[in-house]
Each structure stands twice: as structure tokens, then as C-alpha cells.
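Taken verbatim from TrEMBL:
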type     : residues : note
DOMAIN   : 28-277   : domain 'G-protein coupled receptors family 1 profile'
TRANSMEM : 16-37    : transmembrane segment
TRANSMEM : 49-71    : transmembrane segment
TRANSMEM : 91-109   : transmembrane segment
TRANSMEM : 130-152  : transmembrane segment
TRANSMEM : 167-192  : transmembrane segment
TRANSMEM : 226-248  : transmembrane segment
TRANSMEM : 268-291  : transmembrane segment
Amino acid sequence: MSTEIFYAIRQRLGTIGIPILLVSGNIGNVLLMIMFIKSLKRHPNSCSLYLLFASFGNLFVIDTALISTFYGMNNVEPIHLSNAVCKLRWFGGHVLFMLSRCCMVAACIDRWAVCSQSVRIRSLCQMRTASYVTGVIVLLSIILPAPLFLYYDNGTGRCILLPSYTLAYTIFSFLAISVIPLLLLIIFSLLTCHNLHLIHSRVLPTSGTLQSIRIHKRDHDLMKMLAGEVIIYCLTQSTFPVNTMYGYFTSFFTADKSQLRIAVESLISFIIHPILSFTYCCTQFYVCALVSKSFRRDCSQLFRKRPPADRETRHTIRFAENNQTRN
């Protein structure tokens, strides 16, 4: 099979897929930011704050890194013309990606805390705490990718990862970009499901006392939307660490690779990044609209003059610790 076929598929996939991601991602993230800003004005909520900053990171990484990738498909990217642009492109892209990922993890932890049995843990779901955590996330998102200023350079006329830093970047990508966020999202999503299962079981402790947990309807909606976003994240980002490790270990045998194998690997790498990597950034609004009826209703109100009625409801659920006596 000719190698030109795989390069043609890669080119066609980029010229069709990337513009779709750009349009859908910009529209979706702008609408999502408007929705969360309106929600925070009406009912301040810690999870909405985390998701707002995640949408902010997604929007800007789409309009910088993804546009740069699309422009470079048929032109010389500015990163190959300026060393400062080269370093800033990779550093800025990782900062925005990390901001989005960390805010998603914080939102998952927040949803686990809001349905926890412990009063002390539930007290973490406050706007004051969320504002502090968001500030810490922003600082970490800037500090952790700082070594990328050293890792990338275009001294050879192309912006590339310096060979001496290949191992360091592989470890950074494998842990900070892929494995740790994936594990945290999965773990706290499962813990949230466990807490909800305990809540709905309505178990009465032997002491005969009941502890009430009040969960707003908007909190239930945020849980459903966040669960959908976590699923999309796991589906689109789980292949990235595998591809990163494969690229590192096979880099020692590049001279032994055939042209066909190089073409196939180039196509697969292009599908994983940028197509799958940016798919997560571009689909959050549509996932929220798919899983939440109230989100669709509130979104439709953006295009109407009449403000929506406040249908805030509160579910009081009796929670207990002992599984021996049922309420």
C-alpha cells in the first residue's frame, strides 16, 4: 500500500475535521461560559465556577493551538520562524490544557463533597473555597509547564522537542497530562456514585438519629453534566499516554522503520492529537445539552426576552451510616 494514501487521509482529515472543531468549539464554549456566568449571578455554585474556568481554558486553547495547527497544514507555522513564538506556543497550550483538566478534576471532587455524609467535607463546597482553589489551579497551571521553555527550540529552523529533554517531556506528559487527571476523574466519579447510592438507600443508623443532606436540583443537573464530560474526557484522552510512551520507546529505532510504518504512525498520532485531544475541548456544551433537560431549557432562554422562572427545588434526603435498619 502506498504511503501517499495515509498522508492524503491525514490531510483530508485535518482540512475537514479541524474547521468543524473550531466552529463547534467556539460556539459551544462561548455559550457555556454565558450559561455559567448567568448561573453564578443567580445562584453562586462552586462547581459552576470550576466549569466556567474550564470552558475559558478550552476556548483559548482552541483559538490559539488548534488554529496554529490548522494554519501549519498548508503554510509555515510562525513557531518555525521565531524561537520565542515556538516556546510560547507550547508553553501556552499546555497551560490552557492543564487549566481545563485541573478545573475538571476540582469539579469532580466538588460533586463528591456535596453529597458526602461528612459535614466537614460538604463545607468545602463553598464559593470562598472554590475561589481559593481556582486561584491555586491557575498558579499551578502556569508553574508546572514552565520547563517547556527549555524543552522546545527552533534552532534548527523547525520548532522541535530537543532530544536531550525527550525523556523528561515523556514523563511529564504521561503523568501530569494523562494518567493523574484520568485516575482522579475516574476515582472521584466512582466515589460520587457511591455516595449517591448510599443517599438513595436511606439507611437508618442504630442510634435512631437521621442526618439530612439537602441537594439542590441544580446540583443534580451539574452532576449529570459533569458525568457526561468525564466520559468524553476518558474516551478522547485515554489514548494519549499510550501514544506518548510508544513514541518515546520507538524513537530509538527510527532508522529501522519503513516509510509505510512512518506514514501509518503519523496518521494515528494526528488522530490522537490534535483531533481527539481537541474534541474534548469542543464538545462540553453539547454533552451538557444532551444529558440535562434543565440546561437545554435555560439555554433556550438566552434567545428569549422573557427571563426564565426560578424553578429551584431542593431535595431533602435522609442519610444514615448503618446498613442494618431501613427507613
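Any Cβ shown, glycine's included, is placed from N, Cα and C.
Model, not experiment: these values are computed from the prediction.
In this chain, the transmembrane segment (268-291) touches the transmembrane segment (16-37); three or more CB pairs sit within less than 8 A of each other, excluding pairs fewer than 6 residues apart. Contact between the transmembrane segment (130-152) and the transmembrane segment (49-71) is supported: at least 3 Cβ pairs lie under 8 Å, counting only residues 6 or more apart in sequence.
Long-range contacts of the transmembrane segment (268-291) within the same chain: residues 10, 13-14, 17-18, 21-22, 24-25, 27-29, 31-32, 51, 54-55, 58, 61-62, 65-66, 69, 97, 100, 224-225, 227-229, 232-233, 236-237, 239-240, 243, 247, 299, each at least 6 residues beyond the stretch ends and with a Cβ under 8 Å from a Cβ of the stretch. As a whole-number mean, the pLDDT of the domain 'G-protein coupled receptors family 1 profile' (28-277) in this prediction is 89.
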